[in-house]
Amino acid sequence: MTEPLDAALRPKSLAEYVGQARLKEKLGVYLQAAKGRKEALDHTLLFGPPGLGKTTLAHIIAAELGVNIRVTSGPAIEKPGDLAAILTNSLEEGDVLFIDEIHRLGRVAEEHLYPAMEDFKLDIVLGQGPAARTIELPLPRFTLVGATTRPGLITAPMRSRFGIIEHLEYYTPEEIGTNLLRDARLLGFGLTEEAAIEIGARSRGTMRIAKRLLRRVRDYADVAGEKTIELERAQDALDKLGLDTAGLDERDKKYLETLIHRFAGGPVGVDTLATAISEDALTLEDVYEPYLIQLGFIKRTPRGRVATAHAYDHLGLPVGAAESDLGLYTN
């Protein structure tokens, strides 16, 4: 599946978007009000784990408003000149500017963004030293949609300039299944509801992962000469992909087993845990831990990470299991 096809499968309206019910309801009100007043939507910050649809929602916002969208990312805007080029050359009245990973925006560029967000003007410095002068460029009234997986890294001045701040939640297996059935229909292959929900249940509550898994399960079905993906085929393919019934892969299980085995279930600091499993701390915090916390398998405490009774149960271990119970790291 190519990138343009991925874009073609995206929902084009709030009505087509499955999940995030509370967010959809609120966003629908904000969009309707903005259209009724013929105003740009307030600047919007969307945050949550990767793959939950922040980019898709940004495109939906633009589509619902009937305006264009300009897509960029925080790391791509290093200097004020980068920002000026986007704001002065790419945007028309009411357009949406989507900045992914906005927490990685350069600090100087961020400070130049403040007057653009508040007063729709951009201050440009011409020349250097005593001869330098500042000119003020008017900008069209636009909507900035920022997306981040790390809201704690958004500075207070930046956060205060967003009129709408919303968190995206993990999806239920049923919500993911509904979306996958739509994808299968658009792509012209069969998928039963039971198989779709099974894929959803092993997708970490994340739509992006579910779509990737659907492609891989479809590969297995195609090789087997099956035109429709049934539950048994989905289960078999997902098992071969190394995903258990909760959607945990080998890295997730290594995290839990290391926490329980090497550190007696915790508490242990994230840096120490990351070193023990040959991973970096940011990857643990951004990729692995959100879902493990969502499942109730670990807790983040002031003293470090702690495995819960649910984690022991999922691994088939008694709470407080000894090293020999895991059969790992033994001589």
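Heads up, the Cβ atoms here are built off N, Cα and C, so glycines get one too.
Taken verbatim from Swiss-Prot:
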- Leu9, Arg10, Gly51, Lys54, Thr55, Thr56, Glu118, Asp119, Phe120, Arg161, Tyr171, Arg208: ATP binding site (BINDING)
- Thr55: Mg(2+) binding site (BINDING)
- Arg300, Arg305: DNA binding site (BINDING)
- 1-171: region 'Large ATPase domain (RuvB-L)' (REGION)
- 172-242: region 'Small ATPAse domain (RuvB-S)' (REGION)
- 245-331: region 'Head domain (RuvB-H)' (REGION)
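Location within the structure of each feature annotated in Swiss-Prot.
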residue: Leu9; record: ATP binding site; Cβ neighbours (10 Å): 15
residue: Gly51; record: ATP binding site; Cβ neighbours (10 Å): 21
residue: Thr55; record: ATP binding site; Cβ neighbours (10 Å): 19
residue: Glu118; record: ATP binding site; Cβ neighbours (10 Å): 11
residue: Phe120; record: ATP binding site; Cβ neighbours (10 Å): 16
residue: Tyr171; record: ATP binding site; Cβ neighbours (10 Å): 24
residue: Arg300; record: DNA binding site; Cβ neighbours (10 Å): 15
residue: Arg305; record: DNA binding site; Cβ neighbours (10 Å): 23
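Secondary structure of the region 'Small ATPAse domain (RuvB-S)' (172-242) per DSSP (helix as H, G, I; strand as E, B; remaining residues coil): 51 helix, 4 strand, 16 coil. Counting residue by residue with DSSP, the region 'Head domain (RuvB-H)' (245-331) contains 43 helix, 9 strand, 35 coil. Cα of Thr55 (ATP binding site) to Cα of Arg300 (DNA binding site): a span of 28 Å. In the three-state DSSP scheme, Gly51 (ATP binding site) falls into the coil class.
For the binding site of ATP, formed by Leu9, Arg10, Gly51, Lys54, Thr55, Thr56, Glu118, Asp119, Phe120, Arg161, Tyr171, Arg208 according to the record, the largest Cα to Cα distance is 37 Å, rounded to a whole number. Nearest in space to Arg305 (DNA binding site), taking C-alpha to C-alpha distance over the binding-site residues Leu9, Glu118, Tyr171, is Tyr171.
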